[in-house]
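Chemist: Annotation comment: TrEMBL describes 9-225 as domain 'CWH43-like N-terminal'. Taken from TrEMBL, the feature transmembrane segment covers 12-34, 64-81, 102-123, 135-153, 173-194, 206-227. The region 'Disordered' annotation in TrEMBL covers 232-265.
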Amino acid sequence: MKWKTLRPSWWIYPILAGTIWLATLLALLLYWIIQTNRTHYPSMDITQRIAYISDVGAATLKPLFITGCVLTTILLDISFLSDRWLRHKGRLVPNTTRGEKILSGLTILFAVIGTTGLILLSVFDTARHPREHNVFLLLFIAGYVLSAVFICWEYQKLGQHYRSHRILRTSFWIKLTFVIIEILLAIAFVSCTFTKHYNAGAVLEWIIAFIFSAYVFSFAVDLYPAVKTKGHNTPTKKRPGEIGGLGGGALSENESENRFGSATEMEEGIRGVNGRMARGNEEVARPAVAEASNF
């Protein structure tokens, strides 16, 4: 059996990224609650009863925390790059304007910034490098929120051009919901942290992190339509607004031939129809000529 038949499709990258991130969060949370019986870490404030993710990740499970952050962000960035490449190749509905391509590039740029922030905050833990850790935490949140803003903008423009693709509208509303909720929670989180309401801040941080996993999973919705166009790398030729493949995929040349037949077959069909019409006209004309002769 060839490797191509076993190769997973593009939607597997956000599924893996979301699963790894969710598993990392659950491991940290359950370890702190069950294994340590809600221990008070040295990095926690004296009045603090609920541990931040970074408090747990700075202790025994630091290697797990770093590994989870690295794998999650790399796989998520691959998902962003896959989306751009598939649209360029016509496997997903392509960008139709330079503005959409710029928005796609900004989405990837700020995702890389968010990636850098998350990886560095896991390395520079809050117990040993509190100031650097807080800077990288803000970089992580700001990077991915801005990335989500730009991808929402891109999908909104794509949805205007490809109104028949409902999946674009679905993905747009999912990501817009994420942006609104995360911005509100991030403001509350920063406010609680800097006003020393650490328990409320810790709860908000866990909530923000779990919602982020749902955002990561949402990219499987964007990439799944590429399954319908597997093996077709020809950019779409249709005008914006025309009905393409199922979901968000483009209509390939093979799909067009399957629906309407090839150009050669259509020409042969037209010739056959013209021939039958000509023979019919001859058959109608013969009795008329014979009748005129007899007269």
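Keep in mind that glycine also has a Cβ here, set from the backbone N, Cα and C atoms.
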Chemist: Count, for each of 102-123, 173-194, 206-227, the Cβ pairs lying under 8 Å from the transmembrane segment (12-34), and report the range with the highest count.
Modeler: 206-227
Chemist: By Cβ distance under 8 Å, which residues at least 6 away from the ends of the transmembrane segment (64-81) in the same chain are close to it?
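Modeler: Beyond its ends, the transmembrane segment (64-81) has Cβ neighbours at 10, 13-14, 16-18, 20-21, 23-24, 27-28, 53, 56-58, 107-108, 111-112, 114-115, 118-119, 121-123, 147, 216, 219, 223.
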Chemist: Over the span of the domain 'CWH43-like N-terminal' (9-225), how high is the average pLDDT in this prediction?
Modeler: 91
